[in-house]
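As recorded in Swiss-Prot:
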type	residues	note
TRANSMEM	2-22	transmembrane segment
TRANSMEM	30-50	transmembrane segment
TRANSMEM	58-78	transmembrane segment
TRANSMEM	82-102	transmembrane segment
């Protein structure tokens, strides 16, 4: 559970770090959105270092959680209800994440 939570917090940091510049560019938001956006991306990079395995494995497993958090963002922030296809994609990516993240260590 701790691993999944760390991946989820990492995903939120990345999404916020990308969303704020997007708002500035796409929706004419304040240029000051770039400051918390940059800080959030720096936090994202630091959080990735807290995962205790090889970087490639971390990125692969993190990707599954990122998809789940992005779909939650779609629903909660963008106010777009996910489709059944979105939900199926989340299930499959989380299954892949679990296989990678929780494999036996030898």
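Using N, Cα and C of the backbone, Cβ positions are placed for all residues, glycine too.
Residues 6, 9-10, 13-14, 16-21, 23-24, 58-59, 62 of the same chain lie 6 or more positions beyond the ends of the transmembrane segment (30-50) yet place their CB under 8 Å from a CB of it. Cβ atoms under 8 Å from those of the transmembrane segment (58-78) belong to residues 4, 7-8, 10-12, 14-15, 19, 48, 51, 86-87, 89-90, 93-98, 100-101 of the same chain, restricted to positions at least 6 beyond its ends.
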